Amino acid sequence: ILHYLGLDHVGHLGGRSSVMMGPKLQEMDEIIKMIHLSTIQSQESDHKRTLLVIVSDHGMQENGNHGGSSYEETDSLALFIGPGISHVSATYDTINQVDITPTLALLFGIPIPKNNAGRLIADLFHPLEDHQLLRAMELNLWQLLRLLQAQATDSTCGSLEDASSRLYHDAVALHGSWKSKNALNNDDLKSTILAYTEFLRTASDQLSHRATDKPIGLLASGVMTMLLSCVMFLGLLFKLAQEFYPNVQTRKFQLSEVLVGGIIVIIVLSMGSSSLVEEEQYLWHFMTSTFNLVLLHQTIKSTTGNRSSRLFSIAVILISGRILKGWHQGGVNWTHLPDISKSLEICGSPCLKPLQIISILCVISLCLYTLSSLRARGNFVILIGLSYLCIGLLVLQYVIKYQGSETGTSGKDAILAIQLIYGLIITSVTATVIASPWFMSFQSKDLVTVLKDSLYLIGITYVFGWCLLQLLLQQPVNSMVISLLLVQIVATIYYVSRGDSDVKQWVEIAAIYYLGMAGHFSLGNTNTLATIDVAGAFIGISSHSTVLSGVIMFVITYASPMLALLSMVMSVSVKETNSILKNHEVNTGQLVKIVLGFPCLVPLGLNSVLLVAYTIILLVMRNHLFIWSVFSPKYIYVVVTTVCVLVGVLIVASTVTYVISTAVFLRKKKTSILSVWRKR
C-alpha cells in the first residue's frame, strides 16, 4: 500500500492551476507506469494474479482545498488494472467509497469488516469462475443481512423491511436453483447475479440511511441542558443590566439596543435554510452595516459634544466594512463571481507584495499611535513600543525576503525566522501582562487610573500582537483584511470611549462581537470545510506535529472572532467607569463584576443562543437531503466558534482579574507602608 501525498500538498499550496501541478502529475504517471510494467505485464506466473488499484480519496476546488460536497471536491478516481480487466466498465460509472472495502476483502479471501455497509464491485470478479462469483456475492449478502438484522427489532429475516426480505428470498432461491441444475443454464446465472445485485444495492442504501438514526431521548436531554445554560447566561446578563441601568424600564429602548437582539433573531431564523447557511456571510455584512448606520443616525441626532469625531469613526467603520464585503465574494454558490481577492491573485506578487507591506506598516503605525495616547508614558511603555516596532519590522523582513521567493516559506532560514517571531510575540505579551499593574501602580496613586492604564496597555499588546501574528500566518491576499478589521475595532472602541456617548456597554460589546463574526467571512471563510487554510497550519514547524498544526489552523481560521474578543480588554479600559466605581467600596470581587460583567456575559450569551438554536435545527433537519453537506459542517463551525468564545472570554477574565487583584493588593501594601512610615 503506497500513499502519495505530494499531489494533495501541491493543491493546498497553489491550487489546481499551480505551476507545480503538471510536473507532479507527470511524476505520478511515471510511478504508476513503473509499477504496471514491473508487475502486471510481467510474464512470471505468480504475477498473473496481481491487481493494481489506484484510488483518490477526494478531489479539490480551484484553490486546492476540499472537504465540501461540490462536484470538484467529490470527483475522485478509482482505477483497477489486472488480468482479465482490459476495458473500462460502463456499468460502474459511480461507486461509493465503502464499496472498495468488501471488494478487496473478497478478492483477498478474507472476511469483510463486520460494520462495512458496502457492496462488491462485480465487474472485478468476472475473471473468476461463475461459482466463485456467486459465492462472493453470497458472502456479501450475509454480511449486509447480519447488519440489517442487528438493526431490526427482532433478529429474524421476517423482521426486515418487506423489500429487503423479498429480495433476499429471491436471491437465495435463484442461487439454490442454479446449483440444483448443475450450473448449466446461463439465463439462471444472469438472473441470480441480478437478484444478488438488487439485494446488495437495496441493503447498502438502507444501512447508509439508517446510519443517521440517533436516540431522540438522549438528544432531547442534551438540548434541554444546553437550553438551561443559555437561559442562565441571559438571566445573569439581564440582572447585570438592571443593576447598571436601573431606569431602563422607565423609558424606551434605543433602536441600536433593539437591533442587537434583532440580529441574533434573524441569524437564528436563517439557520433553517440550507441556502442561507451556505451564504451566511451576506447576512453578517448586511446586519453589521445596518447596525452602524443606526449608530450614525443616532450620532447625527445627538446634541452632545465630540459629534464630529464620532461621525468620523462611524464613517471609517462603514467604509472599511464595504471594502471587506467585496474582498471575498460568495460562500458556496457564488464563489465564481469576481472580487478584490481574485483580482489581486490574478495580478500576482507585483500587487500583493505592496499591499502586504502597507498592511504591516499600517498595523505598526496604529500600534505606536494608540500607545502614545496612554496617559502614563514611562520607560516601560516606551520599551513595549520598541518591542512591537522590532517585531513588526521582523514580520516585514520575512514577508519581503521569503514569501513568494524561490526558497519559499519551508526553508530552514524561513522556519527559524518565523520561530523567532513566535517567541518574541509570546515573550512580549507575557511580560506586558505580568508587569503592567506593577509599573502602573508605582506611577499613579489612583486605583481607577492604575486599572485603566494597565488594561489599556495589555489590550494594545493583545490586539497588535494578534494582528502581527496574523500578518505572518494568513494568505498574502488577506493582509489588508487584517489591517481593515483592526481599523474597524479601534474605531468602534474610540466611538464609545467618548464620555458623552450614550451607547451602553453591552451594546458596544455586541457591536464588537458582530464585527468579529462578519470579519470571519471577510477572510474568505465559509461554512464548508473546504475553505480551511491547511497549508498555513505548517508555517514555522520544522517537523510534523498534529497538536501544533491544529493550534495554528485554529488561530488562522478564527483570526477575526478572536481579535474581537481580545479587544474587549482594551474596550473596558477606555469606558467611563469612574462614577460607578466611586459608588462602591474598593472590593476586588465588586471591581471584577463591574469591569468584567458585560465583556464576558454578552459574547457567552449571544453565542449560547446561536449554539442552542442550531442544535435544535440540526436535530429537526437530521433527515434533510443536505444534512451532511451543509448543516453538519455548519454545526462543526458553531461548536468550534463556541470554543473560540470560551478561550477568548477566559483570557479576558483571567487578565482583568489578575490586574484588579494585583492593583488592589499593591494599593493596600502601599497604604500600610505609608502608615507605618508616618507613625515613625
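The backbone N, Cα and C atoms fix where each Cβ goes, glycine too.
Here TrEMBL flags 247-659 as domain 'GPI ethanolamine phosphate transferase 2 C-terminal'.
Sequence annotations record features per position, and here TrEMBL assigns transmembrane segment to 216-238 (among others).
Per TrEMBL, the feature transmembrane segment maps to 258-276 (among others).
Sequence annotations record features per position, and here TrEMBL assigns transmembrane segment to 354-371 (among others).
Counting only same-chain residues 6+ beyond the ends of the transmembrane segment (380-400), those with a CB under 8 A from a CB of the stretch are 353, 356-357, 360-361, 363-364, 367-368, 371, 374, 414, 417-418, 420-421, 424-425, 428, 432, 435-436, 439, 457, 460-461, 464-465, 468, 471-472, 476. Marked as transmembrane segment by TrEMBL: 380-400 (among others).
Positions annotated as transmembrane segment by TrEMBL: 420-442 (among others). Among residues of the same chain six or more beyond the transmembrane segment (420-442), those with a C-beta under 8 A of the stretch's C-beta atoms are 376, 378, 380, 384, 387-388, 390-391, 394-395, 398, 449-450, 453-454, 457-458, 461-462, 465, 468-469, 472, 540, 655, 658-659, 662-663, 666-667, 670.
Below 8 angstroms of C-beta separation, residues 356, 359-360, 363, 366-367, 370-371, 374, 381, 384, 388, 391-392, 395, 398-399, 418, 421-422, 425, 428-429, 432-433, 436-437, 440, 479, 482-483, 486, 489-490, 536, 539, 552, 555-556, 559, 562-563, 566-574, 595, 651, 655-656, 659, 663 of the same chain, each at least six residues beyond the ends of the transmembrane segment (454-473), sit close to that stretch. As annotated by TrEMBL, transmembrane segment applies to 454-473 (among others).
What TrEMBL records for 479-497 (among others) is transmembrane segment.
The transmembrane segment annotation in TrEMBL covers 509-530 (among others).
TrEMBL lists 550-574 (among others) with the feature transmembrane segment. Long-range contacts of the transmembrane segment (550-574) within the same chain, counting only residues at least 6 positions beyond its ends with a Cβ under 8 Å from a Cβ of the stretch, are 451-456, 458-460, 462-463, 466-467, 469-470, 473-474, 482, 485-486, 489, 493-494, 496-497, 508-509, 512-513, 515-520, 522-523, 525, 532-534, 536-541, 595-596, 599, 603, 640-641, 644-645, 647-649, 651-652, 655-656.
Residues or ranges marked as transmembrane segment in TrEMBL: 594-620 (among others).
Summarising the annotation, TrEMBL assigns transmembrane segment to 635-660 (among others).
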Contact check, the transmembrane segment (216-238) vs the transmembrane segment (594-620), 3+ Cβ pairs under 8 Å, seq sep 6+: yes
Averaged pLDDT score, the domain 'GPI ethanolamine phosphate transferase 2 C-terminal' (247-659): 84
